[in-house]
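Pulled from Swiss-Prot:
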type	residues	note
BINDING	140-201	ATP binding site
BINDING	GLU291, ASN293	Mg(2+) binding site
DOMAIN	114-321	domain 'ATP-grasp'
REGION	1-428	region 'GARS'
REGION	438-773	region 'AIRS'
Amino acid sequence: MEKINVLVVGNGGREHALVWKLAQSPWAKHIFVAPGNGGFSKLENVTSVPIGSSPSDFGSLVDFATKHNVGLVIPGPEQPLVDGITTWFQKAGIPVFGPSAKAARMEGSKTFSKDFMKKHNIPTARYENFTDYEAAKQYIANSSHNLVIKASGIAAGKGVLIPANKQEAYEAIKEIMVNKQFGSAGDEVVIEEFLEGDELSILCISDGYSFVDLPPAQDHKRIGDGDTGLNTGGMGAYSPAPIGTPSLLEKIRKNILKPTIDGMRKDGYPMVGCLFVGVMVTPDGDPKVLEYNVRFGDPETQTVLPLLKSDLLELMLATVEHRLDSVDFQVHADKYSTTVVVAAGGYPESYRKGDEITVKEPLPENTFIFHAGTKEENGKVVTAGGRVIAATAIADTLEEAVKKAYVGVDHISFKDKYNRTDIAHRAFKEKPKNKVSLTYEDAGVSVDAGNQLVEKIKKSVKSTKRPGADSEIGGFGGLFDLQRAGYTDINNTLLVAATDGVGTKLRVAQIMDIHNTVGIDLVAMNVNDLVVQGAEPLMFLDYFATAHLDIKVAADFVEGVADGCKLSGCALVGGETSEMPGMYAPGHYDTNGTAVGAVLKENILPKKDKMNAGDVLLGIASDGVHSNGFSLIRKIIETTDYSYTDPAPWNPKSTIGEEVLIPTRIYVKQLLPATRRGLILGLAHITGGGLVENIPRAIPDNLSAEVDMTTWNVPEIFKWLGKTGGVPINDILKTLNMGIGMVAIVKPENVEEVIKVLKEAGETVYTIGKLVERKDLPGCTIKNSEDLY
């Protein structure tokens, strides 16, 4: 990774906090801010650029970024995103951390976002959208619950009105729709049910597929202490908010964040950037969406970024490259943060500008000042907006963070400054005198869910019963009786074990919400590694780990494992389902499996001492890409214009995601008869490394495998992946199976019989090459691959 220049667009406190955090990255060469404010001059390697952020400025911004070799652009405010700034830079080949104009409609149009929530079953308040004033009046007249009235467009954070009664509601819609209080932003309004409870701000970074969420924050919108007075852009925030318990956050991730990210992608406008979700936590503990924003919040950004342990620039680059899940995301889980905004006297109504600001140095440790409505004038920093500046502090406790933030406020001086004195007051509500006990579920682990899963999968597990094992689960392990399985000559019997996982194919399964096929993959990756040693799979154990157990997902996965066990003739005798809050991103899980088999000593493969030049290589067809090479496959799909839900170009009746999720073929029952008859000298399971690296594992060092690619029809999926990704042919041959899932090494005189046995078992078999003397050759040579695609 090379150092890059970064351009941040905006001039507020949010942008100051972003630049402050980005400047800590070793990968930041220089940071430009357009237009910036009075606080940037003290930061090293940071330059303010006098270019605005309106559509008329987009061309100048692109020219500047091109001239200064900018490697990443970060628009801060919402309006440029709604106006399509992302497309301008992308057309110039410059990556942008921020969504397209289509995706920005989630903030730019409240009617659009409410309809999106309805379509994707995302919990929110009951609502109706109106463009007709009289129809809106009639809806209010017929309503029996308290209402919230929202101008659909962007109204500088002030377009939400909460009337106390119907008369105020009538006045509100008249002001918005008739008198145009918010201009064209009020051409359409949303009238929705008033929700009661505690608000929570969730900042979620997403690459369109994966997402990570920053610690939950609470904002303070009202100008006065005790949440009184007029609405503002935000007078302070604190994080993590105590109401954001592990179990609540898992609900938010599962019911709100994941459906939103998935829904936006499936609807054709993926969220690439920061999705800021305003959530209301109702008295019964259910989170509901109040609104979406498509950028970092203000002042929440000033609050949560000091809690971020990871490199922000690295996170953003991974986001725009659609590989967010490759970055280690960490926060300071043992710290609290508080931000207090200092405003000009008279804000949010009329206020004076041009007053000199001074900040007494040095600031207390872990206390930071973020400028917003400031500018440099004649060598001095002066007020230039309503919300002028903010003090943020982090500490080991919330109480200490609040105190330190107010000490920071005391270091700020300008005429008629104003700030609230009760930031974080909701966190300090009088606590019950009786000590509240914590349960395992409060910590994010549901024992009941685990028990429900066991009951749900018992039937599937039982269906894998075979001689030697009863496939009962719920005990401390699995037992197997070798003699009942037919291995009566114990002294001549060896046990063989294999362990493997599925790799990043799991991410595609999670994106597509298809989980049973990767269960089959898990079994296949293990039992195929047993059969290449001549062994019969006898029993299987699986491991499934996630942050929060989704019973349906886990059950689908285990049912797939059971299907794989039945296909290979082994018993599913046990496993482990591990729920580990904080260890995995929302919706993510990992898995591993172990298979144990048996083989008579005379049947052990490979029989390298019996192999000679001239022995024949038989290729047994794969069912697709199987389970290897998915880091490359995902990169090809996710960095092009294709989506997993698009029709597959090589098979339009199926989606790309469904095609690549076709499970690994299991070759056990088809191969064992021939191996036990001594017809096969060796087998190579074609996994990571492709034909080039796997066949040599099954042959002696004095021989080389010579494979001719004209001997079978390479499936179109492999050609499409190679061509679309611009993958060098030598690389794809070392990564994917190219349509051959298993290779058998056979004496020439046995070829006809082996092909017959395999075809009778339903396999497609090709004679793909032979063994030759090694001499100076590599372990495997692929001929006639030049015109593959």
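Here, residue 1 is simply the first one shown, and the rest follow in order.
Note: Cβ is positioned from N, Cα and C throughout, glycine not excepted.
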The one of GLU188, GLU196, GLU291 whose CB sees the fewest other CB atoms within 10 Å, among these binding-site residues: GLU196
Within the predicted model, mean pLDDT of the region 'AIRS' (438-773): 91
Coarse DSSP state, helix versus strand versus coil, of VAL148 (ATP binding site): strand
Where LYS180 (ATP binding site) sits in the secondary structure, as DSSP reduces it to three classes: coil
Close in space, distant in sequence - VAL148 (ATP binding site), Cβ under 8 Å, 6 or more apart: ALA125, VAL160, LEU161, ILE162, ILE191, GLU192, GLU193, PHE194, LEU195
GLU291 (Mg(2+) binding site) and ALA172 (ATP binding site), distance between Cα atoms, whole Å: 19
Largest tally of Cβ atoms lying within 10 Å of a Cβ, found at which of the binding-site residues ILE140, ALA164, ALA172: ALA172
Spatial neighbour of ASN293 (Mg(2+) binding site) that is closest, considering only the binding-site residues ILE140, ALA164, LYS180, GLU188, GLU196 and their CA atoms: GLU188
Binding-site residues: LYS180, ASN293 - member with fewest neighbouring CB atoms within 10 Å: LYS180
Alpha-carbon distance [GLU291 (Mg(2+) binding site); GLU196 (ATP binding site)] in Å: 15
ALA164 (ATP binding site) in three-state DSSP notation: coil
Rounded inter-Cα distance in Å - ALA164 (ATP binding site), GLU291 (Mg(2+) binding site): 21
Distance, GLU291 (Mg(2+) binding site) to ILE140 (ATP binding site) (CA atoms, angstrom): 21
Distance, LYS180 (ATP binding site) to GLU291 (Mg(2+) binding site) (CA atoms, angstrom): 22
DSSP three-state assignment for ASN293 (Mg(2+) binding site): strand
